[in-house]
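Colleague: To start, I am sharing the structure in question, which I have written as structure tokens.
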Amino acid sequence: MGPSVLPAWLQPRYRKNVYLFIYYLIQFCGHSWILANMTVRFFSFGKDSMADTFYAIGLVMRVCQSISLLELLHIYIGIESNQLFPRFLQLTERVIILFGVITSQEEVQEKCVVCVLFILWNLLDMVRYTYSMLSVIGTSYAALTWLSQTLWMPIYPLCVLAEAFTIYQSLPYFESFGTNSTVLPFDLSTCFPYVLKLYLMMLFIGMYFTYSHLYTERKDFLRVFSVKQKNV
């Protein structure tokens with residue numbers, strides 16, 4: 001008797017693809033719901049809807065961003081092929097802004113820049129997760145591939161600018177209320193506004209590194225993709 005062959009659904013590659021497909025589908029549904037909700041609210045209430053964007057979709061946004069931390073594990077154990085450090089920088093940016101700045105300071109949640117930031121984040125994520133979800137099942141569309149590799153070029157810098165402006169607008173509130181600051185009985189007390197100011201400078205350094213990495217990755221990917229298209 002020859003060696004037994006496992007059914008397709010028991011093979012590691014199949015299970016990995018099923019898991020990734022479900023993960024991407026959940027993220028796609030979450031970000032689609034957020035963007036659809038924001039769009040409907042804007043057309044229903046106009047500019048007034050921007051002030052309470054966080055109250056309407058903040059919970060789902062926090063869930064989606066929390067789940068996205070799994071991507072670091074995916075890369076570490078090898079089921080995703082992205083590089084760990086650039087993805088770590090991108091996720092860290094969002095976690096700090098969403099949880100450290102917006103969620104922890106109620107006055108910031110009402111700012112219009114929060115609405116703009118959420119729109120930019122969700123535009124990127126909807127395209128990225130749609131492309132990733134279809135790639136797992138072996139489906140490829142040239143237009144979607146190009147969009148997933150190109151949309152970030154104008155939007156990612158806008159995201160960083162919106163994040164920086166969010167931090168800038170939050171500073172007076174953190175300084176006034178002392179949110180997230182720790183007072184100790186010696187000279188090592190932690191003042192959160194100073195941490196944010198330091199992070200504000202690091203944000204643009206991280207943007208340069210991430211943008212350079214993504215641009216190099218885009219050139220390599222599209223070159224290989226164009227060769228495959230010619231051979232089809």
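Yeah, the Cβs are placed from backbone N, Cα and C, and that goes for glycine too.
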Colleague: Looking only at what Swiss-Prot records, are ARG13 and THR92 on the same side of the membrane?
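Modeller: Yes, same side.
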Colleague: What's the number of neighbouring CB atoms sitting within 10 A of the CB on TYR156 (active site)?
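Modeller: If we count other Cβ atoms within 10 Å of TYR156 (active site), we arrive at 17.
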Colleague: Rank 20-40, 57-77, 190-210 by Cβ pairs under 8 Å to the transmembrane segment (113-133) and hand me the top one.
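Modeller: When the Cβ pairs under 8 Å are tallied, 20-40 comes out ahead.
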Colleague: Any idea what the model's mean pLDDT is for the topological domain 'Lumenal' (41-56)?
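Modeller: That region's mean pLDDT is 89.
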Colleague: Look up GLU163 (active site) in the DSSP assignment and report helix, strand or coil.
Modeller: helix
Colleague: What does the DSSP secondary structure composition of the topological domain 'Cytoplasmic' (78-112) look like, as residue counts for helix, strand and coil?
Modeller: 25 helix, 0 strand, 10 coil
Colleague: How big is the Cα-to-Cα gap, in Å, between TYR156 (active site) and GLU163 (active site)?
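Modeller: Distance (Cα to Cα, whole Å): 10 Å.
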